[in-house]
Amino acid sequence: MSLGGASERSVPATKIEITVSCRNLLDLDTFSKSDPMVVLYTQSRASQEWREFGRTEVIDNTLNPDFVRKFVLDYFFEEKQNLRFDVYNVDSKTNISKPKDFLGQAFLALGEVIGGQGSRVERTLTGVPGKKCGTILLTAEELSNCRDIATMQLCANKLDKKDFFGKSDPFLVFYRSNEDGTFTICHKTEVVKNTLNPVWQPFSIPVRALCNGDYDRTVKIDVYDWDRDGSHDFIGEFTTSYRELSKAQNQFTVYEVLNPRKKCKKKKYVNSGTVTLLSFSVDSEFTFVDYIKGGTQLNFTVAIDFTASNGNPLQPTSLHYMSPYQLSAYAMALKAVGEIIQDYDSDKLFPAYGFGAKLPPEGRISHQFPLNNNDEDPNCAGIEGVLESYFQSLRTVQLYGPTYFAPVINQVARAAAKISDGSQYYVLLIITDGVISDMTQTKEAIVSASSLPMSIIIVGVGPAMFEAMEELDGDDVRVSSRGRYAERDIVQFVPFRDYVDRSGNQVLSMARLAKDVLAEIPEQLLSYMRTRDIQPRPPPPANPSPIPAPEQP
């Protein structure tokens, strides 16, 4: 059963406030300095169109403005959120800018601002031929109410009896309302068996997940009777808001559970029971942005499957086939994930390995060879450098086998084991086409890595059945090896074929793939930091570009 019309819209990781300054702008006014204003545009993932998001105020007579009006953006770590900042000289009397008043522009992703040192970046303005346009300075700040965590406990009384041979097995489902009137599921309680008066365990939920920062937004709560076959029986519903829930810090709050169908059919219908909010508290916690702002770097490593089951790279049927018109599935997956994660790595150097190939000249089989053929330094410069090394390896190595994951997992784990202060977190992307040959060793490697600052993303390409991969993705059952369970869930698996867009819109389908494989990374990083009691370091002190001294006459 699908629970109550939940949409697939994700809750933003947080809300980010962008502060804008400019330095050394073009001077277009004859008798005074320019009167600048900045316009922010965001890019639609679907159409790639730029849409105006907002404008700063106009500041008169300056080439070095520090704008007061800020931009507040929803931030999704797992998405490439492209921004464009256009700077204009504005006639302050009419507040109108003309094309000739264009002072320059800058393009960058929101992740680049957050991933900059202290969540600050400075970019050169361009767009006016033959002119130096100056620079734009951007600072990202997380809104404080986005770090709040609500903890609450509820009980119910005299719920409707739904089971023929016993009482109900009730549970609650929480939904956040969206601006378009739909609802998104945001929490489910546990099932309390065989009772009409359940007391549920206390639970915690980010306030942003409950109401997206809008304290008066409707929160709908459905009450269900659990059934083994999944056809859970609807008992009733009630609505509230974060603001109303928070009143329970001082008093119990009782809600009537109403079943609209029963209410219409039965004149004497009163309710289907009541739910009482027993306790409610709010605490703040450190967020993903806190750690990134404090200097935590995401170290991205790539491992690519070079086994023979991929097919001859020279043949169009191969998963590694390099068409002049289209990237291979391997290259598309690598580009989609890497282009987002690189914003959080200051040196943009990425170790990249292959596994399952015979290497020249003697034909040695390797399960962790550097794609750039440099054993001393496997780093590639940027995602383009990784792709270049991958294409070069396809021309020089012989695809072979078997498919071993453990060597490359252990390789990254050895590097992660040297970091214990929260300064670095490792993300390993494995792209593969088939069945793992070293399942036992891979499970052992994952269990060992689960105590380290490390996450593993697996993208399965091709038509193979990936049951073994699903087993490694510990969403339902925690991975175990020799009776030892993984300390944390650190693996995320997705099959590439689920993201092949029949309409041919590769940009959108690869954005969806990146979104799904990266969505769990912030929480996995936070779970590691929490279990080790590692607090984010304070951001480095602000060091803005000084306002140039006025020219001497």
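Each residue, glycine too, has its Cβ placed from N, Cα and C.
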Candidate annotated in Swiss-Prot as N-linked glycosylation site, out of ASN95, ASN299: ASN95
ASP225 (Ca(2+) 1 binding site): tally of other CB atoms within 10 A of its CB: 20
Secondary structure at ASP225 (Ca(2+) 1 binding site), reduced by DSSP to three states: strand
Cβ neighbour count within 10 Å of ASP169 (Ca(2+) 1 binding site): 20
For ASP227 (Ca(2+) 1 binding site), the number of other Cβ atoms found within 10 Å of its own Cβ: 13
DSSP residue counts for the domain 'C2 1' (1-125), split into helix, strand and coil: 12 helix, 54 strand, 59 coil
Arithmetic mean of per-residue pLDDT over the domain 'C2 1' (1-125): 84
